[in-house]
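Features as listed in TrEMBL:
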- 75-111: domain 'EGF-like' (DOMAIN)
- CYS101-CYS110: disulfide bond (DISULFID)
- 361-383: transmembrane segment (TRANSMEM)
- 424-672: domain 'ABC transporter' (DOMAIN)
- 714-766: region 'Disordered' (REGION)
- 751-765: compositional bias 'Low complexity' (COMPBIAS)
- 847-867: transmembrane segment (TRANSMEM)
- 879-900: transmembrane segment (TRANSMEM)
- 921-945: transmembrane segment (TRANSMEM)
- 957-980: transmembrane segment (TRANSMEM)
- 987-1008: transmembrane segment (TRANSMEM)
- 1076-1096: transmembrane segment (TRANSMEM)
Amino acid sequence: MTRLDRTIVRWTTSFTLVATIASAARSGVLLNQLPSHDTNTSSKIVPDSSRASYGIVSGPASLLMPRPPECPPCNPFNCVLPAFTCLNTGVCNDYNGQCICPPGFGGEDCSKPLCGSLADGNERFPRNGTECECEPGWGGINCNVCETNRACSALIASRDPANGMLKASDKNDKGDGDGQGSDDENAVCYKQGYAVKEMFQMCDVTNRKILDMLPGRPPQVTFTCDVSSATCGFQFWIGKVESFYCGLRNCTSSLQTGYDSNYTEYSCQEMSCSCIPGRMLCGEDGSVDITEFLDEEIKGPTKFSTRSGENSKFEEPAMNQLINDIFGDSYITLRCTAGECLRASEVPGFIVPPKPNDKTYIVVTIAIAVAVLLLGLFLFWYLGRADTTSEYSLLGGRIRLPKHGGSNGTTNKSLLEDHIPAALQFSNLTYTLPNGRVVLDDISGSVKPGEIMAVMGASGAGKSTFLDLLARNSKHGTVEGDILVNGQQVGDSDYRQVVGFVDQEDTLLGTLTVYETVLYSALLRLPRDMSYEDKKMRTLETMHELGILHIRDSRIGESGHRSISGGEKRRVSIACELVTSPSILFLDECTSVVMMMHAGLDSFNAFNVIESLVQLSRVYKRTVVFTIHQPQSNIVALFDKLVLLASGKMVYSGSAKDCQAYFKDIGWACPPGFNIADYLIDLTMATEKKPSDIAPAEAQAALIQLEGEEDAVTVPDPELGVQRMTRRRRQPTDPTDAEAETPSTNGKGTSKLSMRLLSGSSSGRDTPQVELPLRLTRLVDAFAKSDIAAATRSEITAAGSAARENGHVQGQRVVLHNFKRANGWTQFKILSGRSFKNLYRNPQLMLAHYAVAVVVAGICAFLFRGLTEDIPGFQNRMGLGFFCLSLFGFSCLTTLDAFAAERLLFTRERANGYYTPAAYFTAKLLFDIVPLRVIPPFVFAAIIYSPVGLVPTVDSFWRFVMVLVAFNLSASSVVLFLSVIIKDAGVASLIGSLIMLFNLLFAGLLINRDKLPWWLQWLETTSFFHAAFEAFLVNEVRYLQLRDHRYGVDIEVPAATILSMFGFNAQAFWFPDMTFLLSVFVIFTALSFVALVVLVKERR
């Protein structure tokens, strides 16, 4: 048949069909929805298989034959008549009065959602129930939204490529289901939300108030746009039941591709909406009716917009006003899923988004940050400097001694006088080391308020250990015996509240002045209700009493730097304890400087120190106990009580004024004019030497030489390794003195006393060959049997009995009278001020960190400048990140010195009750984190970011800074933990370096995770270097498209692909990377604090 013949047949058939339809219309016969008979004589007309839901079945036999009994009567619906309307933007067919429905809708008036899939064409069926059962790969209320490419293959196969109409031969062959063939390979479910031909979207309403008002009935929206007709459809559903719909006309669409997101927008100039009567919001019982509002107010224009990663927006002026008035939102917000079936050749081509250029914003951001940094440095300088225009400036500046007391004139007096006097009794004190060695054995004594007790003995006699026991300092060994306050036992915590302890070694912060050092002790330990002015006045008075007021502005100093003298440091240490006016004050070697080989203070200053202690004791009824090495005779005259020790044994314990008479009574009389203190030291030293240890030279040195009007007694001093000369003014002699001299072979007289000291005999034996430990035993036994020892025991017993008889009232008063010291917040503020001063006055470490950050950043900016988007550029990015992390990781090893330098100071101050570990740790952490761990990474990032050419967006810049800071914090917290648990700085530094190298090894650059054995791959997850390195790369190259030209071939590959080859996860920035870094910081900071509390304690 020729083309002309086929044309004639087609036109003849068309005219016959039109005539038949017209005849049926005149006879009132409605033919829509007749059952389709699969005969050769029938014909089917489907104007547009993609839009028509129902076809027209016709034929002469079917039109003229009577209705079979099994067929239902014809529906009287006729959309041509005014009484009937096509819903959901359906189009009325003027030829048959039936509605041509949009895809997904059916029924005589297009009000019913259809199920199945778009590929079913006219065979789609209305929903039976409340929910459609869609074909696999399709979704949405009316199954219009494709979900997979395979689902689209059936629809693409059923359409004519020329006009997109359903092919009759393929109607019942919508794919064989094997997923193979060219149609399957070419079919694409395009989900970007941009309409190429006809886009379908299924959306959930996300406005919170709308959701709250419709519990259990989720509001949803279906949105469709047809490009060819420039129209869109909008349907609003509640509980999957349609409430109203809108038709949008004169629509345009646009797609904007960005570097990290895309933006689609549909703009329509006209909009008309209609309610479905009897539905929710449209007249349903108990519901509002917005029919009139939709008919009269909704006119347009309308905008439907979506940005990647965000909710969609549907905006229309009148509807926006309604949403604002009722729900408080600006517009309807939606979370949508889009789908459109296309051939692969129809999918819009990939448009390379332009690289954003936010350099202006980055420069402005960096400029603001630098300005803030400079302002901070200025404030740091301004607040830290000593203001000479005011009397007091941040605990510094000019200092004057108040003339008329404090703010109220009575607070200091009340502090010193209004207290409960504390008598101290100790009995049978014994201290044994873990190895079984007895250091102190059966020491007893007592001292009353208003008295001072001196503890004397040769070196190694146990003086410091004895004082530690009295002060209840932590000891390694076993302590036995009783220590009573006013005759009763007192708990350790309460006991430490009423005692002060000055250690043998001076542990002072070198950057502080003398005044600041004493004032900090006063601020932390004096009553919290005492005014600040009164605390300052008490500080100055204490300094005046100890004769150090003239050096108030001098810094303590450190080894190798100019500082105050050793004697002045000693008095500063005493002042720190004396300023609190404790009820019981213990001082270890109060007139000597151990670090200067016991050179001691000069005689005048030593006397002043002891005199100030005597005044504190006698005037304000304080109890003072101290150890002293070799006091002058004028100092000895101030002692009230004396305890003499030798090799841990008690040689004497009682009144100091009865000491000389006691030793005279037992045959060891001190010669007239001889310093009793020197005599007792010599006596106890001699008892500790074996006969074989006494060399002939020492015996010769013990001779008494009489020269003119002075006698010189030379006695060996093994401790100093030199001979000590004690001189006395010659007194008028009596016959007894004359008899004390005998001729010698060298023509000089020899003192009987000296010979007796060397011989160990009290009867004038001239041979030194006597067992000296036996003499020590005799001395100890002699005192134990003496009346003085009995009186001491009776005094202790009487004090205990009095306390029991009085119901422990006195002891309770001692404990209950304790005032409250500074609270935790006040301690934190005071320690923060001290740390600030220390940092300001010793800024070398901080400035070194800043200088390294600036210099290295400049070098990196030069070496890595202008990173390219190719393989070498990717390599340079990895190298830059690896180097940055290595720089800051190893810089964190300086944290080891942050605590090690003050370890001894902390243990002493904690033992003396200055503050709680929490206050110290928080202040120390604050002034290590902010200036050393936060600012340098920021300065480094601000310098290199723009010249190097990292991602030029503001959010990427701040994420880069965040990675560096988080890594710095995590690494420094690990090193801080090491510095707390490891006392030796060298060992801590070695272990810290090994930890850094271990984390560096598993960062992800040196070893590929996928090449590790499965049982070692978990090590990479423990590396904070890996977490920071991965976060840096994800932030920098996640959206990077690498392009290169090698060997005549253009290579283009996403950087995310290379990341995965290295074993990195492109989605791991926030979790687990940043989460892991912050977790490491929190965990190791907490562990450091626990270790500080548990491990760093004073143990003697």
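Each Cβ is built from the backbone N, Cα and C atoms, and glycine gets one as well.
Remember, it's a predicted structure, so these values are computed and weren't measured experimentally.
The transmembrane segment (957-980) is not in contact with the transmembrane segment (847-867), judged by fewer than 3 CB-CB distances under 8 Å for residue pairs 6 or more apart in sequence. The average pLDDT computed for the domain 'EGF-like' (75-111) is 87. A Cβ distance under 8 Å defines the sequence-distant neighbours of the transmembrane segment (879-900), meaning residues of its chain 6+ beyond its ends; these are 845, 849, 852, 856, 860, 864, 867, 906, 924, 928, 932-933, 936-937, 940, 944, 948, 964, 967-968, 971-972, 974-976, 978-980, 985, 988-989, 992-993, 996, 999-1000, 1003, 1005, 1025, 1028-1029, 1032-1033, 1036.
With DSSP classes pooled into helix, strand and coil, the tally for the domain 'EGF-like' (75-111) is 0 helix, 6 strand, 31 coil.
Residues 903, 906-907, 910, 917-918, 921, 925, 963, 966-967, 969-970, 973-974, 976-977, 980-981, 1021, 1024, 1027-1028, 1031 of the same chain lie 6+ residues outside the transmembrane segment (1076-1096) yet bring a C-beta within less than 8 angstroms of a C-beta in it.
Residues 362, 366, 369-370, 373, 828, 831-832, 834-836, 839, 845-846, 849-850, 852-854, 856-858, 860-861, 864, 880, 884, 887-888, 891-892, 894-895, 898-899, 902, 957, 960-961, 964-965, 968-969, 972, 976, 1085, 1088-1089, 1092 of the same chain lie 6+ residues outside the transmembrane segment (921-945) yet bring a C-beta within less than 8 angstroms of a C-beta in it. Using a 10 Å radius centred on the Cβ of CYS110 (disulfide bond) and all shown protein chains, the other Cβ atoms total 26.
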